[in-house]
Amino acid sequence: MAGLMKLACLVLACMIVAGPITSNAALSCGTVSGYVAPCIGYLTQNGPLPRGCCTGVTNLNNMARTTPDRQQACRCLVGAANSFPTLNAARAAGLPKACGVNIPYKISKSTNCNSVR
């Protein structure tokens, strides 16, 4: 039950963060949150890396093909990262590599998403 509450908070935080952002991106923070939701235990509780997490990271990377989409995904991930005080920063930064995915930015609480291309 606590995990569902955290997921609900994550989705809400992403929507609040992305609400005022105007862009041509097709990705919403709700979509991004759905892709990375299976990663929450890995990123906050030092749990094992679930297959569903890597599937979500791969699918998100495949959807974020344009610069606006990559910037929007980045903003959503930064917003989500900031909503979890127990986020393991090293695991978040290393998540793409752990899943065999190459993304053009570091997942962290302080990533400048405007510089993402």
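Backbone N, Cα and C atoms are what each Cβ position is placed from, and that goes for glycine too.
When secondary structure is read from DSSP and collapsed to three states, Cys29 (disulfide bond) falls in the helix class. The annotation disulfide bond is assigned in Swiss-Prot to Cys29-Cys76 (among others).
Among the features that Swiss-Prot reports, disulfide bond is placed at Cys39-Cys53 (among others), with the record citing sequence analysis. Sequence-distant neighbours of Cys53 (disulfide bond) (same chain, 6+ apart, CB under 8 A from its CB) are Val36, Pro38, Cys39, Tyr42, Leu95, Cys99.
Less than 8 angstroms from the CB of Cys54 (disulfide bond) sit Ala98, Cys99, Gly100, Val101, each of them six or more residues away in the same chain. The secondary structure of Cys54 (disulfide bond), as reduced to three states from DSSP, is helical. According to Swiss-Prot, the feature disulfide bond maps to Cys54-Cys99 (among others).
In the structure as shown, the Cβ atom of Cys113 (disulfide bond) sits within 10 Å of 17 other Cβ atoms. Taken from Swiss-Prot, the feature disulfide bond applies to Cys74-Cys113 (among others).
Residues or ranges marked as signal peptide in Swiss-Prot (evidence: sequence analysis): 1-25.
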Simplified DSSP label at Cys99 (disulfide bond) comes out coil
Looking at the disulfide-bonded residues Cys29, Cys39, Cys74, Cys76, Cys99, the one with the fewest other Cβ atoms inside 10 Å is Cys99
Once DSSP output is merged into helix, strand and coil, Cys39 (disulfide bond) belongs to helix
